[in-house]
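Pulled from TrEMBL:
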{"type": "REGION", "residues": "30-49", "note": "region 'Disordered'"}
{"type": "COMPBIAS", "residues": "39-49", "note": "compositional bias 'Low complexity'"}
{"type": "TRANSMEM", "residues": "61-82", "note": "transmembrane segment"}
{"type": "DOMAIN", "residues": "134-271", "note": "domain 'Peptidase S54 rhomboid'"}
{"type": "TRANSMEM", "residues": "143-164", "note": "transmembrane segment"}
{"type": "TRANSMEM", "residues": "176-194", "note": "transmembrane segment"}
{"type": "TRANSMEM", "residues": "200-218", "note": "transmembrane segment"}
{"type": "TRANSMEM", "residues": "230-247", "note": "transmembrane segment"}
{"type": "TRANSMEM", "residues": "253-271", "note": "transmembrane segment"}
{"type": "TRANSMEM", "residues": "301-322", "note": "transmembrane segment"}
Amino acid sequence: MEETHRPEIRLKVNSRRGFGGGNIIHPVEVESSPPTPFPATTTTQSQTPSPFREVKHFKKWVPWLIPTFVIADTVLFIITMYVNDCPKNSVSCIATFLKRLSFQPFKENPLLGPSSNTLHKMGALDVSKVVDDHQGWRLITCIWLHGGLFHLLANMLSLLVIGIRLEQEFGFIRIGLLYVISGFGGSLLSALFLQSNISVGASGAVFGLLGAMLSELITNWTIYANKMSALLTLVIIIVINLAVGILPHVDNFAHLGGFFSGFLLGFVFLMRPQFGWVNQRYTPAYPRTGAKPKYKKYQQVLWVLSLVLVVAGMIAGLVSLLRGVNLNDHCSWCHYMSCVPTSRWSCNTDPVSCLSEQTGNQYTLTCSNSGKNGTYLLDNPNQSKIRGLCIPEHFEGLITVYSSCLYLCYL
């Protein structure tokens, strides 16, 4: 009697886990009826079944949304520089051969970018405008703006390295929602703690993608190889990037808000079916007993808890912001999460203002932030030019700059 065997189907899963290990192939046995023997004369390659099948739930998507986000941010930066028109509104400019696109002087914006007035006009996050003038849309528009060329390059490189891999695995809808909601969460936490400056940048949204990578590893723990190595590598990268936030003029609250929003949303958007359930998808259509559930109990519990926490947290944060709550009044040490003062730098973020005295075309300016004063000869200066002269050299403008490392471990 001819012996029959249960065929083995190997499932190709597009996974980044192992950080450089390529696709992880999980062997899964599929229960099926005895195969019909092929005639000895028909052994062509077209009749030989492939030992690999692509699981449609783990299929590899073609990334297009993340590159679109990068293009949109770049175009908006060019438009912002055009609106800024440094030669018209500042005493001196950098890269004047760019004409209207030239950058503000280093003492006003060391990131090679526009003035704070221009960013404010383009939709930067200004808490007073959100609370007093009901301009809540600034919580979203600020994540598409950048404070300078260096700021843009750092964030876009990080977004490409992290975002494209996630979009390839989970598709544009889930990653797009995760990106925007995480960016909103970062803006919200920033607005609750840093209320004297304006803020711009996509770092909160990028940190949301990083947080989602961590929660995705946890919720899909059973299907990945090299679990502890992947977890340790990811945690080290997260700690390094959050540690950058203790530098002055870096909005670590946006990083933290985006990270925790993305971490919770990862349990909601990035949950995957288990291989035991996938196995059943390839069995014959006859009734099966003891069918395995699509998701494990711990995945379902994490999904519910995370959804409740993220919805409740954002509603509570938004209500508190619109009521004018400043969380620094309720947490005396929280400001250290965004900046730790040392002998080398100050964490002073008080807004800059100038007192000016005019005699003919001679202006004497005294800066409230540093007490410095100087005399300048100006012909019909506007407010932007006067403010630019007042900003001391160590001050990075009125912009609370977001920062993100380049995630070299992923390159």
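Note that Cβ sites are derived from N, Cα and C of the backbone, with glycine treated the same way.
Annotations in TrEMBL come from automatic prediction, not curation.
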Can we call the transmembrane segment (176-194) and the transmembrane segment (230-247) in contact, meaning three or more C-beta pairs below 8 angstroms at a sequence separation of 6+?
-> no
Long-range environment of the transmembrane segment (200-218) - Cβ separation under 8 angstroms, sequence gap at least 6 | 17, 69, 73, 119, 124-125, 142-147, 151, 155-156, 158-159, 162-163, 166, 175, 178-183, 185-187, 190, 224, 227, 230-231, 234-235, 237-238, 241, 251, 254-267, 269-270, 302, 306, 399-404
Rounded mean pLDDT within the domain 'Peptidase S54 rhomboid' (134-271) lands at 91
